[in-house]
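Trainee: So Swiss-Prot has the following annotated:
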DOMAIN    78-178  domain 'Fe2OG dioxygenase'
BINDING   H96, D98, H159  Fe cation binding site
BINDING   R169  2-oxoglutarate binding site
Amino acid sequence: MLLHIPNVLSPEEVRYFRDRLEDAEWTDGRVTAGEQSAKAKLNLQIPQDSAECRELGEFVLRALGRNPTFNSAALPLRVYPPLFNRYDTGMHFDAHVDNAIRPIPGAGMRIRTDVSSTLFLTGPDEYDGGELVIQDTYGTQSVKLPAGDMVLYPSTSLHSVNRITRGSRWASFFWSQSMVRDDTKRRLLYEFDCSIIETRKALPDSHPAVLGLTSTYHNLLRQWAEL
């Protein structure tokens, strides 16, 4: 499932991120890539252990915590500490699949990457090229979103970032280990949850239809979740 989530960050929050990142040290982005992906990758990142990355990463995690769409769609068990990248003119990332398992630095644990996320920090008018191109079961999708918006997609997807021909594209990116590893089951649960929300707009929570749908949703989640 590929999902666009608008307004994860407000315009004021995006400006704060941009100001902090302007002052950050940027290094070669290949340091976080696997051996094969590193050969396809040409971009910049701020170091994962930098004060800016830690502060802004915590900010992103708080924004995710208050976003019901992200939590319904990703059903996150663990979220990898958000990273920040930058593509200047001429930079790109050729087609690749994200590493299946990633160690969390300093945490003594690893996560399975089920859901990939890109949170855009520059608007589409600030650069040419730079589309996130995702190949999924419904074909090839080209994504270029407003600043503050985010896209979710299965980490199993082959994806790339087109070469930048003007300007600079900034973003935060991270992975989630979902309580439900199978993308089809996650999509069904998300659609089920959306249907419950719409039903509750028309019927009281005590209505048998609402109670029945809610009960079935939670029983399916109980059946499929891995903790």
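Quick reminder: no glycine exception, Cβ is built from N, Cα and C everywhere.
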Trainee: Using the structure shown, find which entry in H96, H159, R169 (the binding-site residues) has the sparsest Cβ neighbourhood within 10 Å.
Mentor: H96
Trainee: Given H159 (Fe cation binding site) and the residue listed as '2-oxoglutarate binding site', what distance in Å do their CA atoms have, once rounded to a whole number?
Mentor: 17
Trainee: Count the residues of the domain 'Fe2OG dioxygenase' (78-178) that DSSP assigns to helix (H, G, I), to strand (E, B) and to coil, and report the three numbers in that order.
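Mentor: Computed counts for the domain 'Fe2OG dioxygenase' (78-178) are 3 helix, 62 strand, 36 coil.
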Trainee: So what's the mean pLDDT when you look at the domain 'Fe2OG dioxygenase' (78-178)?
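Mentor: A mean pLDDT of 96 is what the predicted model shows over the domain 'Fe2OG dioxygenase' (78-178).
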Trainee: Could you tally the C-beta atoms, other than its own, that fall within 10 angstroms of the C-beta of D98 (Fe cation binding site)?
Mentor: 18
Trainee: Compute the C-alpha separation of the residue listed as '2-oxoglutarate binding site' from H96 (Fe cation binding site), stating it in Å without decimals.
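Mentor: Rounded to the nearest whole number, the Cα-Cα distance is 19 Å.
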